[in-house]
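A.B. asks: Quick one: the structure is below, questions incoming.
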Amino acid sequence: MFSLIRAKRLAIGIAALAWSTGAVMASEHWPDLPVGIKNGAAARIGNMAYVGLGSAGTDFYALDLNNPSKGWVKRANFIGPATNGAAMAAAGGKIFAFSGNGKATPDAKSPIIFDTAYVYDPGSDGWSKLDTQTPVGLSGAKAVGLADGRIAIFGGYNKELFDKYLADVGAIDKDKEPEAYRKLVDSYMGMKPEAYRWNDEVLVYDPAGNNWGSLGANPFLPNCDPAMATMGEGDFLLVSGEIKPGLRTPEAKLVKIRDGAAHWQKVSDLPPLSGSEPQEGVAGAYAGKAGDDVLVAGGANFKGAQANAAAGKWFAHDGLAKSWRDDVYAFDGKDWKVAGKLPRGLAYGAAFDAPGGLLVVGGEDRDGKARKEVFLLKWDGKALSVEN
């Protein structure tokens, strides 16, 4: 078993995962992750937080939020292929992992989007593969447990298109056939958002019956890798995310699940950073409740992609440098404001609700490195500070 001793002091209550409710109060050392984790997945059951997959491969770690001095403890390895971007949520005392993307076998020529589902049982510290397939590709989707024991899932890449594109790309030697390679990339990346056929249903999985259903259609463009915060029982805020590869949206939507259906409401967009810098939107941002507000921090985008899309150039990020953002926004239920900055640009990590702020865990930095650090964004409704 692997536990981490090195830790950071956080004079806060112990955090809950951003998409979970509740918090554990304590005054303890908060340990960094055992390894850097980006593009992974996380969930919480009671006082136990679980994080893994992504850049950690099949590794899976747990932290007792009532006793964080024990550090992150290695749990049973994930039994499926190493996967990025899986949708993960807890229900009925177990953790469910859906889809994601990666190579089906180590010698596979190209990655695919998986249509598999797995369950982790903390009691036996074991994984099992479920006898089901996801109805659509769910890589990049967000999953959240509902009060009735089911799991709702938002967004997700189209498996058929994604698999074919990566197989075609993998079959071309871009050094020997640069024109053919460029033509293929331009063709795929130059499509309008609707052409990618991302999942536009709010899917629901019922662990008790091992079956799938729908809570209705998303009336907006479906997106992947949005930031997500739980606002209350059955209420979820989805912020920004991709609407096609390389192009984000600044939109935010409130989803209320009532009487077996998802009801959508558009709320204020993320604000411009300045008069000269329009809001590009972000993918892979951190989000959670901080007091009465929602904080959204970091994420990644391509500066100039919105202008290209507005001009009809749908390969919107062509030639643009990827930017890992350090901006932090606060939402009071009506309006957004720029709250402050992260210590560095970060995206694709995990976020934990904590009394007084938002705990930022791992992620990817501007060099593409997976980070281990954990720090608290403290927010009192007026001023943002960083506590290491």
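Even glycines carry a Cβ here, placed using N, Cα and C.
As listed in Swiss-Prot for this protein:
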- 1-26: signal peptide (SIGNAL)
- 48-92: repeat 'Kelch 1' (REPEAT)
- 94-147: repeat 'Kelch 2' (REPEAT)
- 149-186: repeat 'Kelch 3' (REPEAT)
- 187-232: repeat 'Kelch 4' (REPEAT)
- 236-285: repeat 'Kelch 5' (REPEAT)
- Glu242: active site, proton acceptor (ACT_SITE)
- 307-356: repeat 'Kelch 6' (REPEAT)
- 358-387: repeat 'Kelch 7' (REPEAT)
A.B. asks: In the repeat 'Kelch 7' (358-387), how many residues does DSSP assign to helix, to strand and to coil?
C.D. replies: 0 helix, 21 strand, 9 coil
A.B. asks: DSSP helix, strand and coil counts for the repeat 'Kelch 3' (149-186)?
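C.D. replies: The counts are 21 helix, 4 strand, 13 coil.
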A.B. asks: By a simple count, how many Cβ atoms lie within 10 Å of the Cβ of Glu242 (active site, proton acceptor), its own Cβ left out?
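C.D. replies: Other Cβ atoms found within 10 Å: 27.
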A.B. asks: Pairs 6 or more apart in sequence, C-beta under 8 angstroms, 3 or more of them: is that satisfied by the repeat 'Kelch 6' (307-356) and the repeat 'Kelch 4' (187-232)?
C.D. replies: yes
A.B. asks: Note the mean pLDDT of the repeat 'Kelch 6' (307-356), expressed as a whole number.
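C.D. replies: Reported value for the repeat 'Kelch 6' (307-356) is a mean pLDDT of 95.
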A.B. asks: So how many of the residues in the repeat 'Kelch 4' (187-232) end up helix, strand or coil by DSSP?
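C.D. replies: So the counts come to 7 helix, 20 strand, 19 coil.
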